[in-house]
Amino acid sequence: MGQVVSAFYSWFNTDKEYKVLLIGLDNAGKTTTLYQLHLGQAIETQPTIGSNVETVKHKNVHFEVWDLGGQATLRPSWVTYFKATDALVLVVDSTDRARIGQVKDELWRVVGSEDLKGAFVLVFANKQDLEDCMSPADISSSLKLHDIKDHDWHIQACSAKEGTGLVEGFDWMVQRVKNRASK
Ligand SMILES: Nc1nc2c(ncn2[C@@H]2O[C@H](COP(=O)(O)OP(=O)(O)OP(=O)(O)O)[C@@H](O)[C@H]2O)c(=O)[nH]1
Ligand SMILES: [Mg+2]
């Protein structure tokens, strides 16, 4: 009986779960972003060793969101998460001018990966609540986002701490996945 119920349930439960990867340098705000999306509040974080994963439902679309550790020694392992990724989200600390060149190098190191073919690229210009932060336009030009030709990309100002801008970023992703699904 249990098997029948479960077969019946899976037949109706056709909702696809979209896989999203949060990448970016250490201290960018990836874990804060993940839990702001999942719990609706900022939590106190520790540097991530490995990864965290949570489900996020936005506008009736289910996302499986992976938050990857951003320390330099952990970045080479990002590639092991790439398969079947629907969207790559690059979280940037908009106050970290000194390392924006490193962010660009990391983005361009991964964006051509075969396993990310077809993935949407969303850039969160995070920490916009802090004074003297770079604007999305500054970040866009530093990262050379306009040179990305093989991915649909978008940059969104946000503050993961205050919970602003994240919904707008996910609105863009929902629109993209729905567009793709309707084709
Ligand atoms: N002011 C401000 N601080 C933020 C924001 N987002 C994150 N932070 C702070 O930045 C620090 C690092 O945040 P995390 O979310 O742990 O950063 P992470 O990208 O996960 O770092 P790793 O796990 O080391 O890769 C924490 O002290 C957060 O509270 C933001 O939007 N505004
Ligand atoms: Mg983290």
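Positions of Cβ are set from backbone N, Cα and C atoms, glycine also.
The Cβ neighbour count for Asp26 (GTP binding site), using a 10 Å radius over every protein chain in view, is 16. The feature GTP binding site is assigned by TrEMBL to Gly24, Leu25, Asp26, Asn27, Ala28, Gly29, Lys30, Thr31, Gly70, Asn126, Lys127, Gln128, Asp129.
The feature Mg(2+) binding site is assigned by TrEMBL to Thr31, Thr48. Take the CB of Thr48 (Mg(2+) binding site) and look out to 10 A: across all protein chains shown you find 18 other CB atoms. Thr48 (Mg(2+) binding site) falls outside any helix or strand according to DSSP and counts as coil.
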Inter-residue Cα distance where the pair is Gly70 (GTP binding site) and Thr48 (Mg(2+) binding site), in Å: 7
Those residues of the chain, 6+ apart, with a Cβ under 8 Å from that of Lys30 (GTP binding site): Leu22, Ile23, Gly24, Thr48, Asp67, Leu68, Gly70, Val91
Which same-chain residues, if any, lie at least 6 apart from Asp129 (GTP binding site) yet have Cβ under 8 Å of it: Ser159, Lys161, Glu162, Thr164
